[in-house]
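Have a look at the structure below before the remarks.
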Amino acid sequence: MMRTHYCGALNRNNIGQDVTLSGWVHRRRDLGGLIFIDMRDRDGIVQVCFDPKYQDALTAAAGLRNEFCIQIKGEVIARPENQINKNMATGEVEVLAKELRVYNASDVLPLDFNQNNTEEQRLKYRYLDLRRPEMAQRLKTRAKITSFVRRFMDDNGFLDIETPMLTKATPEGARDYLVPSRVHKGKFYALPQSPQLFKQLLMMSGFDRYYQIVKCFRDEDLRADRQPEFTQIDVETSFLTAPEVREIMERMVHGLWLDTIGVDLGKFPVMTWQEAMRRFGSDKPDLRNPLEIVDVADIVKDVEFKVFNEPANNPNGRVAVIRVPNGAEITRKQIDEYTQFVGIYGAKGLAWAKVNDINAGLEGVQSPIAKFLNEEVWKALAERVNAQTGDILFFGADKWQTTTDAMGALRLKLGRDLGLTRLDEWKPLWVIDFPMFERDEEGNLAAMHHPFTSPKDFSPEQLEADPTSAVANAYDMVINGYEVGGGSVRIFDPKMQQTVFRILGIDEEQQREKFGFLLDALKFGTPPHAGLAFGLDRLTMLLTGTENIRDVIAFPKTTAAACLMTEAPSFANPQALEELAIQVTKSE
């Protein structure tokens, strides 16, 4: 037998037992007559002692070095009282080695487990990086999450059904990864961006509760929390309303947090998209941050200051304030830095006012814009934002979207910089009632979620007549400023689906070409259905406390969508390309 116990599982209950351990040398210390090693496996670390009592094992241990793969047979003994290590889970015990077997020696590592390694080093030698205890713990947590999800889904009547990986390209927002067909030369499969249409078809097939933990692929520009291939917890239901779907999924996530880290998330508040954007400048607000954005256009619409009065009198403009309690200590240099920061989001500037004495009216205000205000306007502003002595007010004034984006980003930055965001808290919520459509860069209407989302309380005729007023029957789950899951009630009426396609500029010929199978299926007694998908990678990222999604994926890609370890993507064999009837054009 190669192993009877895991290293990290040993404790006082094992004292006196003979054990067989297999793992790696994490650290070695030679004290002359004694040799100690910290031995590591996926479960943790335990101290092993080589004593002259077992001379053969002691002699063999002299040749051990870090990362040798070994087997130890020995007895679990109590550590002397003065040698107990309270920082280790196994710190009350050690193993007295009786036999040592070296499975394999190790070259000097290109990584240093005790130092910060570059991201490139970690990804190139990922198989070594994954040996680090913190990385092993993250992947164990990921496995625990998927086990919990499967149990929950089974207990609630959901069926785990697989959907195809080789499918048809459909417009879902990002670019597809294409796979050429050898049999059907000149034609391509697409790797799925999500199982969206297949799970809807399963509802039409009568499988009223579906789930799948599934790989998805999107060829898009990457960020720290994005990967070209990622994993979704995909869910779809029939004959359930949006609140009923949210209730089931909230119970799942509530249970997941309790099971994984012992945290009770409580009841999730529900907030409309409009309220989230108005108060927090984001459709995924971080509620750990107490700062809020307050509209003041009605107060400043008549001031002699174009920066304020023009957007205040423009239906598409916005003037808003963030009050920072005790923020008057912020320096002019910091204010200049914040002004530069909001410029990233299109803001032309950042007005500010320090409240040195709230009882002194304008006399108690220090601000370059004070000269444009009068006592009545200042009093109304101070009351609206509940200004107090020692506060600072930051003003944003521009088009609605620019002001909202800039002030939302400033709110987050102020929360971090000033230590206002309560990092030890968990703040979940549901955001609902998103706009059905938004304008793209060319000014055309695009689906805010996807073209299969149902509008709320709109007929096809009403939708076609006034699409920009439509509210989507959609919902996102947000935790600490991260969208961890999103979904909607789906369109189940063929007339409504064709109407949405037309609004999006997809004519009847394109509808048949791209979605003919869906439009046909909708004709045969389609049930009302709704669902959502969670990002497993992002959930794991939150539950393990890392800010980089690559830390919770065993073999991730870089931000350039490359694998440094295997050197993928690579050039294809010319013969394979010939069989696929593909000719590669070299870029200049």
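Here the Cβ of each residue, glycine as well, is placed from N, Cα and C on the backbone.
Now, the feature entries from Swiss-Prot:
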- Glu172, Arg218, His449, Arg490: L-aspartate binding site (BINDING)
- 196-199: region 'Aspartate' (REGION)
- Arg218, Asp219, Glu220, Gln227, Glu483, Gly535, Leu536, Asp537, Arg538: ATP binding site (BINDING)
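Here the region 'Aspartate' (196-199) has a mean pLDDT of 97 out of 100. Of all the binding-site residues listed (His449, Glu483, Arg490), Glu483 has the fewest other CB atoms within 10 A of its CB. Within the set Arg218, Asp219, Glu220, Gln227, Glu483, Gly535, Leu536, Asp537, Arg538 that the record links to ATP, no two Cα atoms are more than 20 Å apart, and one pair reaches that distance.
In space, His449 is the closest of the binding-site residues Arg218, His449, Arg490 to Glu483 (ATP binding site), judged by Cα positions. For the region 'Aspartate' (196-199), the DSSP-based tally of helix, strand and coil residues reads 4 helix, 0 strand, 0 coil. Looking only at the binding-site residues Glu220, Leu536, Arg538, the one with its C-alpha closest to His449 (L-aspartate binding site) is Glu220. Cβ neighbour count for Glu220 (ATP binding site) (all protein chains, 10 Å cutoff from its Cβ): 14. In the three-state DSSP scheme, Glu220 (ATP binding site) falls into the coil class. When secondary structure is read from DSSP and collapsed to three states, His449 (L-aspartate binding site) falls in the coil class.
DSSP gives Arg538 (ATP binding site) a helix state. Distance noted between the C-alpha atoms of Arg538 (ATP binding site) and Arg218 (L-aspartate binding site) is 16 Å. Here Leu536 (ATP binding site) comes close to Arg142, Ile145, Thr146, Ile213, Phe230, Thr231, Gln232, Ile233: these same-chain residues lie at least six apart in sequence, with C-beta atoms under 8 angstroms from its C-beta.
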